[in-house]
Amino acid sequence: MWMRRNQIVRKLTLGVVTTVLGMSLSFSALSATPVETHGQLSIENGRLVDEQGKRVQLRGISSHGLQWFGDYVNKDSMKWLRDDWGINVFRVAMYTAADGYISNPSLANKVKEAVAAAQSLGVYIIIDWHILSDNDPNIYKAQAKTFFAEMAGLYGSSPNVIYEIANEPNGGVTWNGQIRPYALEVTDTIRSKDPDNLIIVGTGTWSQDIHDAADNQLPDPNTMYALHFYAGTHGQFLRDRIDYAQSRGAAIFVSEWGTSDASGNGGPFLPESQTWIDFLNNRGVSWVNWSLTDKSEASAALAPGASKSGGWTEQNLSTSGKFVREQIRAGANLGGGDTPTTPTEPTNPGNGTTGDVVLQYRNVDNNPSDDAIRMAVNIKNTGSTPIKLSDLQVRYYFHDDGKPGANLFVDWANVGPNNIVTSTGTPAASTDKANRYVLVTFSSGAGSLQPGAETGEVQVRIHAGDWSNVNETNDYSYGANVTSYANWDKITVHDKGTLVWGVEP
């Protein structure tokens, strides 16, 4: 976590299990686990890709310190997180100081238990060397090299393992002065036994100074740089640093973030957290939330006394936990299709549709009166034959409120932003909620959509021609409360000019 915190071990009482949350994202109906789907991860042009070269975003949760809340780290809880929350990555936080590994090296056995569970469940796992009060990673560099030599020797051939070698350097420790030299040595230790699994390196000022790392990157091609934030404390300046680092070709991983302030206890700050999550999803940045614990603090995911083995009801989740679960589930079928969200039927199922296309929509922006419409769509082929994406036209209907022109941007596309073309048009019959539409089409480079496949997220941002604020509540295609993907018939899809999905205004 970002700052030192009082660590209070709470006596756990097992709550009575009542109605289980929602419908689990059951893996019994899936053909593959996340690791089976994506395999060996690597870095390509500063972005995380899978073994097919396809960009992937990891989303998950971190344990709290194993010395205090290690009982929550087990196969049953991790299976529940995979199946119900939709995680594709779990972070096991092994503190070094504060009664951690340095004084209690047996904690490494809990790390091994977590890795074995992740291997069995087919999810990625981050082995976190959690420096914090020991602000300079060089203090325990010798122990770090011994530990990671063992881990790399054990798991060098396991594609789901990720090494995080310095959680949060702080206290005046800088990238060039202390962190980079340390990382060079520990990376060499790992690479002597594991040539290619990802390595995450913390940055200065509690893993905020990614700009320094971006300006002097490590030579290892599969290294990522950690940024940590707490939504109640950290804002736009850190998002700007992510943009800067990515512009320099540095691969960024938000390996820890919280809905609270930096103390871990103020909040939760959910609007600020949503702004962050939208941003990270826009940029394709992987993220892990802090933390899986029932500790009495705002950033804890569980309510006091929650079961240590999963099966959590809504009453077992904290406010933060409910929010984080929703965010992970909302993105669970994006960036690689790890687990599908529970489908919902369109408003008028079948009305106006003639083909085998389903369009899902989510509202990316919770402010309907700011300066942009931010929407995301995902298209599925539910038929038995391939669909050529360049034959499809997606229409998002809105009312321009008398403002001419439009400025259009593709913020993210799983098929590649360069394969998305946007323009505006006018419907045959204007209404008080639709006198224009944004047309989203695919270039030939997007390829075809095979039966049962989906495009993944395509995210489009629409500004008025004069950059003034908009009024989305007056737009036909707008869904104010559709913050998770749902089948949405107020956005239409045409295939070679024929309406195959949705209801025109």
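Along the chain as shown, the residues are counted starting at 1.
A Cβ is built for glycine as well, from the same backbone N, Cα and C atoms used for every other residue.
Positions annotated as signal peptide by Swiss-Prot, on the basis of sequence analysis: 1-31. According to Swiss-Prot, the region 'Catalytic' annotation covers 32-334. Positions annotated as substrate binding site by Swiss-Prot: HIS64, TRP68, PHE69, TYR95, HIS130, TYR230, ALA262, SER263, TRP290, LYS295, SER296, GLU297. The feature active site, proton donor is assigned by Swiss-Prot to GLU168. The feature region 'Disordered' is assigned by Swiss-Prot to 332-355. Residues or ranges marked as region 'Linker' in Swiss-Prot: 335-352. Residues or ranges marked as compositional bias 'Low complexity' in Swiss-Prot: 339-355. Taken from Swiss-Prot, the feature domain 'CBM3' covers 353-505, and the record attributes it to sequence analysis.
Annotated features, which come from Swiss-Prot, shown on the structure.
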residue: HIS64; record: substrate binding site; CB count, 10 Å: 28
residue: PHE69; record: substrate binding site; CB count, 10 Å: 23
residue: HIS130; record: substrate binding site; CB count, 10 Å: 28
residue: GLU168; record: active site, proton donor; CB count, 10 Å: 26
residue: ALA262; record: substrate binding site; CB count, 10 Å: 20
residue: TRP290; record: substrate binding site; CB count, 10 Å: 27
residue: SER296; record: substrate binding site; CB count, 10 Å: 12
Distance [Cα-Cα, Å, rounded] between GLU168 (active site, proton donor) and PHE69 (substrate binding site): 20
Local confidence of the prediction over the region 'Linker' (335-352), expressed as mean pLDDT: 34
Most distant Cα pair in Å, residues HIS64, TRP68, PHE69, TYR95, HIS130, TYR230, ALA262, SER263, TRP290, LYS295, SER296, GLU297 binding substrate: 21
